[in-house]
């Protein structure tokens, strides 16, 4: 019978599939043959599902034979025990599209990923355990990791190359050598979990920075040690260090930096295309396996941006353009073409050009109006919370409001009886002057600007972490409100509210936190566009209920927000909601452009 023959053929083909490390010949081995991967990083969590196929095809047509991808734990389990693998979170659909495109997968499931992502991918609910030591053998942490991997890893096992899928290697943790804990018991525990759920045959690896300390703390027997470095590193020295920890086996640069991230107030990062292509060619000539980080960065939609804390807290911008070969909007760049020319010297690349940029459209200006009557849903918060108390005495003269222990995490917008007084900011603005009368209501709208994603300070609690002083008086009796702003806007507030219960509007701007709304009328197109908030100060934007992310043109360098075309309706009015936190401009309007502005630094701290 033909179906039996087909089944036997398919079982035979599956039995021949293998991916392993050939230590004798210092290479990977795929199906019994030497194999070298040329890969690029792409994050499905930063790209709308609608565009996954487009981006993967552009990577394939550049000549890549693999992609590298992180799995952000908090993206799939934002609430403990509640898992989401649907829509833009459909990891298996992404893997399937990758497989259909002809690309192998280097998977980095964490549990910690860094990635300039909120808390490095760790869910913030872990911090409910006050003294938890993240990324260690702490019992509470290991219990949470075990429960998560029991959900995630069985989903991934069928996608392993040896099981008929396209995942060739799996990373354990991420750059662990740069973390202070240096806990080998933790790494051993993770190794055991990966082996239990994925089997003994999958290639497990580690990635660490190019220093002896990082490689010493980040590597473990049974996990293949790889390095990461950029164009400013001596290739010979870098691979010599890998050879110290892995005397035999393939040379691997797991993160070859094509660009870099931006913080608010930075200059927009740029890495020279000629330098990238030159060093890439040198590594490939050595027979090294290379993953380019990033190949497309994408966007930190909503509140998903991370932050760094070295000398002070520094928040990552909304755009994750990264000066990558594919732009934030997935457009091929000159850097991509230079890389393609290099790859063509080492392997056959697909015939034909790289697919072109997606079409863009400048929809023009939209005038907004201020919402006077604000209604918040009380529910699970993210991004903002409200703290309220009353003034304990009359303040006839401006009186200092002080954060003595630097406990505002990360920004507090202060109002007294609805009159905006100014803001307190973590590490930089710990005192402002306020006025008012005894019994007046003082409101602090607290903004989480992104949890620290790297280093020793990833236990990044948010909100008002210590008391405030009003002159010599400690303020007490705070009432705390959870603000589910995203939920309210997603359900249509304020656009769908009836005139009886809904808000009223004014066209005059104001200082302090306020909502502004408007409508982009349909014109039959839903092409990508870029939203510019010229002379607006700082805040958040939603289009048709979807949170595009933060804007802060007053700080820069990013001046526009990427608006994916599929968010826009071609037939219905498109709602725009802006939460301006400090001061709106005299002209309440925003501009939809056909190109991004990412490189204007206004007020660098």
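These residue numbers are counts, starting from 1, taken along the chain as shown.
Cβ atoms are placed via backbone N, Cα and C, with glycine included.
Please treat TrEMBL annotations as automatic predictions, because they have not gone through curation.
If you check TrEMBL, you get these features:
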- 175: active site, proton donor (ACT_SITE)
- 255: active site, nucleophile (ACT_SITE)
- 29-345: domain 'Glycoside hydrolase 35 catalytic' (DOMAIN)
- 379-484: domain 'Beta-galactosidase 1-like first all-beta' (DOMAIN)
- 513-570: domain 'Beta-galactosidase galactose-binding' (DOMAIN)
- 1-20: signal peptide (SIGNAL)
Counts of helix, strand and coil residues, the domain 'Beta-galactosidase 1-like first all-beta' (379-484), according to DSSP: 0 helix, 56 strand, 50 coil
Structural state census, the domain 'Beta-galactosidase galactose-binding' (513-570) (DSSP three-state): 3 helix, 27 strand, 28 coil
Across the domain 'Glycoside hydrolase 35 catalytic' (29-345), average pLDDT on the 0 to 100 scale: 98
